[in-house]
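Q: Pulled from Swiss-Prot, these are the listed features:
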DISULFID  C174-C192  disulfide bond
CARBOHYD  N164  N-linked glycosylation site
CARBOHYD  N208  N-linked glycosylation site
MOD_RES   M1  N-acetylmethionine
MOD_RES   S256  phosphoserine
MOD_RES   T278  phosphothreonine
TOPO_DOM  1-22  topological domain 'Cytoplasmic'
TOPO_DOM  44-84  topological domain 'Extracellular'
TOPO_DOM  106-127  topological domain 'Cytoplasmic'
TOPO_DOM  149-213  topological domain 'Extracellular'
TOPO_DOM  235-278  topological domain 'Cytoplasmic'
TRANSMEM  23-43  transmembrane segment
TRANSMEM  85-105  transmembrane segment
TRANSMEM  128-148  transmembrane segment
TRANSMEM  214-234  transmembrane segment
Amino acid sequence: MEENMEEGQTQKGCFECCIKCLGGIPYASLIATILLYAGVALFCGCGHEALSGTVNILQTYFEMARTAGDTLDVFTMIDIFKYVIYGIAAAFFVYGILLMVEGFFTTGAIKDLYGDFKITTCGRCVSAWFIMLTYLFMLAWLGVTAFTSLPVYMYFNLWTICRNTTLVEGANLCLDLRQFGIVTIGEEKKICTVSENFLRMCESTELNMTFHLFIVALAGAGAAVIAMVHYLMVLSANWAYVKDACRMQKYEDIKSKEEQELHDIHSTRSKERLNAYT
């Protein structure tokens, strides 16, 4: 009988501990972090592969070659974009962890309204700092989303030309890379529907795959923007709650101080009356 009671108390204690741990998880920050990681993974992974596919398409079907020396050509720009993608993946992996840690600490400060005042003050300052940083990152991701839409538009035009040549017999359509700024005005890198390279490019799966990879990368950038907006809402709410916690703590300190002063005054008066009677 006693063993059953001890076992029940142990199970109850474990259940209460699990409930307490689950209650301390910042679910809003967790959802935003998952969305951020998913968006960054889609953008970085698909964007990297789409850039590699673009290099193959330019070299195979447009017959472009890398410029010797330190000349800044389209292939050098693509390599730079790949390094930027590596940096974005690493930076936002760390930033997501920092925001989750901030969410845990701020949630603990909010739940303990009567805790140490230094904890809530630190949480308030950290929340304000992350709000500013997240807002800047949101603007940056908006720019990345707008920039990613450019290759999607270019590949959509190319895909449309391929589709129109199959629907309209005898159509002679051309695509000049100079109109997209990929090559200089002096270079003529034009491919027309009557050429063999164009037909092979339209029949290959590489064009279709690269086009859809850029679309998924654009969707990933949009998901990162949504995650940044979600983080802004979470951080703003946490900052407001921590600010209220600070005010509550100040009020409690002033209230306890006044009560102590009143108690001291009453004690002093009681002693004076007692001395007067004696």
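For all residues, glycine too, the Cβ spot is worked out from N, Cα and C.
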Q: Select the range from 23-43, 85-105, 214-234 that forms the most Cβ-Cβ pairs under 8 Å with the transmembrane segment (128-148).
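A: The stretch with the most close Cβ contacts to the transmembrane segment (128-148) is 214-234.
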Q: Other than its own, how many Cβ atoms are within 10 Å of the Cβ belonging to the residue listed as 'phosphoserine'?
A: 10
Q: Work out how many Å separate C192 (disulfide bond) and N164 (N-linked glycosylation site) at their Cα atoms, rounded off.
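A: Cα of C192 (disulfide bond) to Cα of N164 (N-linked glycosylation site) measures 12 Å after rounding.
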Q: Could you say whether, by DSSP, N208 (N-linked glycosylation site) belongs to a helix, a strand or a coil region?
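A: It is helical.
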Q: If you measure from the Cα of N208 (N-linked glycosylation site), which of the recorded positions N164, C174, S256 is the nearest?
A: N164
Q: Take the C-alpha atoms of N164 (N-linked glycosylation site) and C174 (disulfide bond) and report the distance between them in angstrom, rounded.
A: 12
Q: When you scan the chain for residues with a C-beta under 8 Å from the topological domain 'Extracellular' (44-84), skipping those not six or more beyond its ends, what do you find?
A: 148, 151, 177, 182-183, 189, 191, 197-198, 200-201, 206-207, 209-210, 213-214, 216-217, 220
